[in-house]
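Quick look at what TrEMBL annotates:
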ACT_SITE  His72  active site, proton donor
BINDING   Asp12, Glu43, Asn44, His180  Fe cation 1 binding site
BINDING   Glu43, Asn71, His153, His178  Fe cation 2 binding site
Amino acid sequence: MLNKVKLIFLGDIVGSSGRKAVKIFLPELTKKFNPDFVIANAENAAGGYGLTEKVAEELFSYGIDILTSGNHIWKRQFFPYLQKTEKVLRPANYGKNAPGKGWTIYSKNNIKLGVINLEGRIFMRPLENPFVVGKNLAEELRKETPFIVIDFHAEATSEKLGLGYFLDGLVSAIIGTHTHVQTSDEKILSKGTGYITDVGMCGAVDSIIGMKIEQTLEMYLNMVPRKLEVEKSGKVKVEGIYLEFNEKGETTYMEKFRLID
């Protein structure tokens with residue numbers, strides 16, 4: 001009988017600095033937690049904007065099982081790879097004809113893990129309702145496995161909390177991404193769903209959410225939009241969360257982490 005399922009979820013990987021951090025720290029985290037699955041948000045993993053097949057394969061080689069994403073997944077010509085793989089997800093609440101998939105059931109060591117990727121609507125695109133899409137998908141996935149994790153890529157904390165309470169007891173965990181700032185509100189909700197508003201990021205420590213400080217300040221001071229570059233110098237960090245699920249798919253333990261080199 002399966003006693004527990006163990007998961008590591010890494011925050012948004014930002015460019016080469018984020019990939020470097022994963023390469024450095026994931027072996028250490030794996031040794032400490034011995035996870036059954038590793039998930040990471042990789043929508044900024046290629047140059048800070050989007051993802052490429054080469055970068056995705058690099059991240060898989062470090063031991064990541066599933067890559068989730070968000071609004072930046074469309075920044076590069078990544079569509080053919082999205083169409084042929086179920087290990088890279090885009091948010092499920094885009095249109096039904098959008099490239100790729102927004103959910104998967106990933107099997108490893110005789111354990112099935114359901115993963116759903118959703119994008120918020122407050123201060124973001126007017127997509128399909130993530131509450132409705134998330135509930136419908138979770139109910140379908142529960143027919144095959146009690147272990148279901150949602151990456152909710154959203155801006156507003158209230159929207160993230162709302163989804164947490166709305167789907168409490170239906171999924172194992174709801175993990176927020178997008179802001180790149182790790183929050184301190186991790187908790188197990190009353191019906192057993194693990195929740196955190198934002199799991200943080202993997203990337204440069206001395207940066208503005210992974211990007212060069214000077215360029216970001218210039219943009220704010222001059223009010224002129226510009227493309228920002230990833231900060232590649234200095235220390236790097238990995239932020240994420242470790243969770244354990246019981247045989248019912250309920251979260252029984254969670255521990256966020258931040259490692260800096």
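Heads up, the Cβ atoms here are built off N, Cα and C, so glycines get one too.
With the fewest other C-beta atoms within 10 Å around its C-beta, His72 stands out among the recorded positions His72, His178, His180. Per-site Cβ counts within 10 Å over the binding-site residues Asn44, Asn71 peak at Asn44. The closest partner of Asp12 (Fe cation 1 binding site) among the recorded positions, by CA position, is His178; the full candidate set was Asn71, His72, His153, His178. Those residues of the chain, other than Asp12, Glu43, Asn44, His180, with a C-beta within 8 angstroms of the mean position of the Fe cation 1 site C-beta atoms are Gly11, Ile13, Val14, Gly18, Asn41, Ala42, Ala45, Gly70, His72, Thr177, His178, Met201, Ile209, Gly210. When other Cβ atoms within 10 Å of the Cβ of Glu43 (Fe cation 1 binding site) are tallied across all protein chains shown, the result is 30. Of all the binding-site residues in the record (Glu43, Asn44, His180), the one with the smallest CA separation from Asn71 (Fe cation 2 binding site) is Glu43. The shortest Cα-Cα distance between Asn44 (Fe cation 1 binding site) and any of the recorded positions His72, His153, His178 is the one to His72. Long-range Cβ proximity for His153 (Fe cation 2 binding site), meaning a same-chain Cβ under 8 A and a gap of 6 or more residues, is found for Asn41, Glu43, Thr68, Ser69, Gly70, Asn71, Pro91, Asn117, Leu118, Glu119, Gly120, Gly176, Thr177, His178. Residue density at Asp12 (Fe cation 1 binding site): 30 other Cβ atoms are found within 10 A of its Cβ, drawing on all protein chains shown. The separation of His72 (active site, proton donor) from His180 (Fe cation 1 binding site), Cα to Cα, is 13 Å. When secondary structure is read from DSSP and collapsed to three states, Asp12 (Fe cation 1 binding site) falls in the strand class. Reduced to three states, the DSSP call for His153 (Fe cation 2 binding site) is strand. Excluding the listed site residues Glu43, Asn71, His153, His178, the same chain places Asp12, Asn41, Ser69, Gly70, His72, Ile73, Pro91, Glu119, Ala154, Thr177 with Cβ atoms within 8 Å of the centre of the Fe cation 2 site Cβ atoms.
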